[in-house]
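Okay, so here's the structure we're looking at.
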Amino acid sequence: MRDMIIVVPIGEVPSDVLSFLSENIESFYMKFGIGVKIIGSLPISAFSHAYDFYRNQYLARHFLPALSIIRRDYKALAVMGVTEVDLYESGLNFIFGIAHPGFGVALISLHRLYPEFYGEPPDRKLLKERALKEAMHELGHVFGLEHCPNPKCVMHFSNSIIDTDIKSWMYCKNCLRKLEERLGRGYVRGRT
(Lines of atoms letter the chains of each structure in order from A; the text may use other names.)
(Lines give C-alpha, C1' and ligand atoms only; values in the text may rest on other atoms or scores of the structure.)
Protein backbone atom coordinates (compact mmCIF):
# COMPACT_ATOMS: atom_id res chain seq x y z
CA MET A 1 0.00 0.00 0.00
CA ARG A 2 2.93 2.35 -0.63
CA ASP A 3 0.93 4.81 -2.78
CA MET A 4 -1.82 5.22 -0.22
CA ILE A 5 -2.74 7.97 2.23
CA ILE A 6 -4.26 6.39 5.34
CA VAL A 7 -6.86 8.46 7.22
CA VAL A 8 -7.10 7.57 10.91
CA PRO A 9 -9.86 8.91 13.15
CA ILE A 10 -8.67 9.48 16.71
CA GLY A 11 -11.55 9.34 19.15
CA GLU A 12 -15.08 10.01 17.90
CA VAL A 13 -14.97 11.71 14.48
CA PRO A 14 -18.10 12.22 12.35
CA SER A 15 -18.21 9.68 9.53
CA ASP A 16 -19.58 12.20 7.03
CA VAL A 17 -16.55 14.44 7.61
CA LEU A 18 -14.17 11.49 7.21
CA SER A 19 -15.87 10.43 3.98
CA PHE A 20 -15.77 13.98 2.62
CA LEU A 21 -12.05 14.26 3.41
CA SER A 22 -11.26 10.86 1.93
CA GLU A 23 -13.17 11.46 -1.31
CA ASN A 24 -11.77 14.94 -1.94
CA ILE A 25 -8.17 14.16 -0.98
CA GLU A 26 -8.28 11.11 -3.24
CA SER A 27 -9.82 13.08 -6.12
CA PHE A 28 -6.82 15.42 -6.01
CA TYR A 29 -3.98 12.97 -5.28
CA MET A 30 -5.23 10.26 -7.65
CA LYS A 31 -3.45 12.10 -10.49
CA PHE A 32 -0.22 11.06 -8.74
CA GLY A 33 -1.44 7.47 -8.42
CA ILE A 34 -2.16 7.95 -4.72
CA GLY A 35 -5.34 6.54 -3.17
CA VAL A 36 -6.93 7.15 0.23
CA LYS A 37 -8.19 4.63 2.78
CA ILE A 38 -9.95 5.24 6.10
CA ILE A 39 -9.05 2.74 8.82
CA GLY A 40 -10.52 2.07 12.26
CA SER A 41 -10.22 4.68 14.95
CA LEU A 42 -7.66 4.96 17.71
CA PRO A 43 -9.08 5.65 21.18
CA ILE A 44 -8.32 9.13 22.50
CA SER A 45 -7.42 7.43 25.80
CA ALA A 46 -4.26 6.16 24.09
CA PHE A 47 -3.05 9.76 24.13
CA SER A 48 -3.79 10.64 27.76
CA HIS A 49 -0.08 11.45 28.17
CA ALA A 50 -0.56 14.33 25.70
CA TYR A 51 -3.35 15.95 27.70
CA ASP A 52 -2.65 19.18 29.59
CA PHE A 53 -5.23 19.48 32.36
CA TYR A 54 -4.72 23.23 32.87
CA ARG A 55 -5.08 24.06 29.18
CA ASN A 56 -7.76 21.42 28.48
CA GLN A 57 -5.82 20.67 25.29
CA TYR A 58 -3.60 17.95 23.84
CA LEU A 59 0.03 18.48 22.83
CA ALA A 60 -0.11 17.61 19.15
CA ARG A 61 3.41 16.23 18.72
CA HIS A 62 2.60 13.31 21.04
CA PHE A 63 0.19 11.89 18.44
CA LEU A 64 2.79 11.65 15.68
CA PRO A 65 4.76 8.54 16.77
CA ALA A 66 1.57 6.42 16.83
CA LEU A 67 0.65 7.68 13.36
CA SER A 68 4.17 6.85 12.20
CA ILE A 69 3.77 3.26 13.38
CA ILE A 70 0.53 2.98 11.40
CA ARG A 71 2.34 4.32 8.34
CA ARG A 72 5.03 1.68 8.75
CA ASP A 73 2.59 -1.16 9.39
CA TYR A 74 0.46 -0.29 6.35
CA LYS A 75 3.52 0.59 4.24
CA ALA A 76 1.61 3.76 3.37
CA LEU A 77 2.87 6.88 1.67
CA ALA A 78 1.40 9.08 4.41
CA VAL A 79 -0.96 8.96 7.38
CA MET A 80 -3.44 11.70 8.28
CA GLY A 81 -4.93 11.63 11.77
CA VAL A 82 -8.24 13.40 12.38
CA THR A 83 -9.49 14.24 15.86
CA GLU A 84 -12.03 16.45 17.59
CA VAL A 85 -9.85 17.31 20.59
CA ASP A 86 -8.27 20.75 20.87
CA LEU A 87 -4.56 20.75 19.97
CA TYR A 88 -1.66 23.01 20.88
CA GLU A 89 2.09 23.20 20.46
CA SER A 90 4.66 24.88 22.70
CA GLY A 91 4.50 28.65 22.30
CA LEU A 92 1.10 28.57 20.56
CA ASN A 93 -2.39 28.93 22.04
CA PHE A 94 -3.76 26.36 19.61
CA ILE A 95 -3.12 24.74 16.26
CA PHE A 96 -5.47 23.47 13.57
CA GLY A 97 -2.98 20.79 12.58
CA ILE A 98 0.60 19.57 12.53
CA ALA A 99 2.77 17.60 10.12
CA HIS A 100 6.09 15.78 10.28
CA PRO A 101 7.54 15.22 6.80
CA GLY A 102 10.24 12.92 8.16
CA PHE A 103 7.64 10.59 9.66
CA GLY A 104 5.26 11.03 6.71
CA VAL A 105 2.41 11.89 9.06
CA ALA A 106 -0.01 14.71 9.79
CA LEU A 107 -2.81 15.44 12.23
CA ILE A 108 -5.73 17.86 12.08
CA SER A 109 -8.22 18.88 14.75
CA LEU A 110 -11.85 19.65 13.98
CA HIS A 111 -12.31 21.31 17.38
CA ARG A 112 -11.87 24.92 16.22
CA LEU A 113 -13.24 24.30 12.73
CA TYR A 114 -16.84 24.00 13.91
CA PRO A 115 -18.73 27.29 13.36
CA GLU A 116 -20.33 26.72 16.79
CA PHE A 117 -16.90 27.23 18.40
CA TYR A 118 -17.16 30.88 17.32
CA GLY A 119 -20.78 31.32 18.41
CA GLU A 120 -22.14 30.83 14.90
CA PRO A 121 -24.96 28.47 13.89
CA PRO A 122 -24.03 24.92 12.86
CA ASP A 123 -22.95 24.63 9.23
CA ARG A 124 -21.85 21.15 8.18
CA LYS A 125 -20.76 22.28 4.72
CA LEU A 126 -18.48 24.96 6.21
CA LEU A 127 -17.03 22.47 8.71
CA LYS A 128 -16.18 20.04 5.91
CA GLU A 129 -14.61 22.77 3.76
CA ARG A 130 -12.46 23.94 6.67
CA ALA A 131 -11.40 20.37 7.47
CA LEU A 132 -10.44 19.75 3.84
CA LYS A 133 -8.34 22.93 3.75
CA GLU A 134 -6.46 21.93 6.88
CA ALA A 135 -5.98 18.35 5.67
CA MET A 136 -4.63 19.49 2.28
CA HIS A 137 -2.38 22.00 4.06
CA GLU A 138 -0.85 19.41 6.38
CA LEU A 139 -0.46 16.86 3.56
CA GLY A 140 1.34 19.57 1.59
CA HIS A 141 3.83 19.80 4.46
CA VAL A 142 4.19 16.00 4.55
CA PHE A 143 5.11 16.13 0.86
CA GLY A 144 7.69 18.88 1.37
CA LEU A 145 5.79 22.12 0.82
CA GLU A 146 6.40 25.15 3.03
CA HIS A 147 4.05 27.99 3.91
CA CYS A 148 3.02 30.14 0.95
CA PRO A 149 2.64 33.95 0.95
CA ASN A 150 -0.43 33.71 -1.32
CA PRO A 151 -3.47 34.12 1.01
CA LYS A 152 -5.66 32.11 -1.41
CA CYS A 153 -3.29 29.11 -1.47
CA VAL A 154 -4.07 26.21 0.85
CA MET A 155 -0.42 26.34 1.99
CA HIS A 156 -0.90 29.84 3.43
CA PHE A 157 -0.46 29.78 7.23
CA SER A 158 -3.75 30.07 9.13
CA ASN A 159 -3.26 32.19 12.20
CA SER A 160 -7.03 32.27 12.72
CA ILE A 161 -10.20 30.76 11.29
CA ILE A 162 -10.52 33.88 9.12
CA ASP A 163 -7.31 32.88 7.30
CA THR A 164 -8.70 29.38 6.80
CA ASP A 165 -11.96 30.72 5.40
CA ILE A 166 -10.17 33.06 2.96
CA LYS A 167 -7.96 30.44 1.38
CA SER A 168 -8.90 27.82 -1.19
CA TRP A 169 -8.58 24.08 -0.61
CA MET A 170 -6.22 23.91 -3.61
CA TYR A 171 -2.53 24.62 -4.03
CA CYS A 172 -1.57 27.77 -5.94
CA LYS A 173 0.26 27.44 -9.24
CA ASN A 174 3.70 27.70 -7.58
CA CYS A 175 2.95 25.20 -4.81
CA LEU A 176 1.30 22.81 -7.26
CA ARG A 177 4.41 22.90 -9.45
CA LYS A 178 6.61 22.11 -6.43
CA LEU A 179 4.27 19.30 -5.38
CA GLU A 180 4.29 17.82 -8.88
CA GLU A 181 8.10 17.96 -8.94
CA ARG A 182 8.37 16.24 -5.56
CA LEU A 183 5.80 13.54 -6.16
CA GLY A 184 6.88 13.04 -9.76
CA ARG A 185 10.52 12.50 -8.76
CA GLY A 186 9.77 9.97 -6.09
CA TYR A 187 10.41 12.51 -3.32
CA VAL A 188 8.17 10.57 -0.98
CA ARG A 189 7.88 7.21 -2.70
CA GLY A 190 11.53 6.40 -2.15
CA ARG A 191 11.25 6.80 1.63
CA THR A 192 10.68 3.89 3.96
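Cβ atoms here come from the backbone N, Cα and C positions, even for glycine.
Annotated features in Swiss-Prot:
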type     : residues                       : note
BINDING  : HIS137, HIS141, HIS147         : Zn(2+) 1 binding site
ACT_SITE : GLU138                         : active site, proton acceptor
BINDING  : CYS148, CYS153, CYS172, CYS175 : Zn(2+) 2 binding site
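Note: the Cα of the residue listed as 'active site, proton acceptor' and the Cα of HIS147 (Zn(2+) 1 binding site) are spaced 10 Å from each other. Annotation for the binding-site residues HIS141, HIS147: lowest Cβ count within 10 Å of the residue's own Cβ, HIS147. Between the alpha carbons (Cα) of CYS153 (Zn(2+) 2 binding site) and HIS147 (Zn(2+) 1 binding site) lies a span of roughly 9 Å.
Those same-chain residues not listed among CYS148, CYS153, CYS172, CYS175 yet with C-beta within 8 angstroms of the centroid of the Zn(2+) 2 site C-beta atoms are LEU145, ASN150, LYS152, VAL154, MET155, HIS156, TYR171, LYS173, ASN174, LEU176. Within the same chain, residues at least 6 positions away in sequence whose Cβ sits under 8 Å from that of HIS137 (Zn(2+) 1 binding site) are PHE96, GLY97, VAL154, MET155, SER158. DSSP classifies HIS141 (Zn(2+) 1 binding site) as helix under the three-state reduction.
Across the fold, the C-alpha of HIS147 (Zn(2+) 1 binding site) and the C-alpha of CYS172 (Zn(2+) 2 binding site) stand 11 Å from each other. Reported as a whole number, the C-alpha separation between CYS172 (Zn(2+) 2 binding site) and HIS141 (Zn(2+) 1 binding site) equals 14 Å. Under DSSP, CYS175 (Zn(2+) 2 binding site) is assigned to a helix (H, G or I) in the three-state scheme.
Other residues of the chain with a Cβ within 8 Å of the Cβ centroid of HIS137, HIS141, HIS147, the Zn(2+) 1 site, are ALA99, GLU138, GLY140, LEU145, GLU146, CYS148, VAL154, MET155, PHE157.
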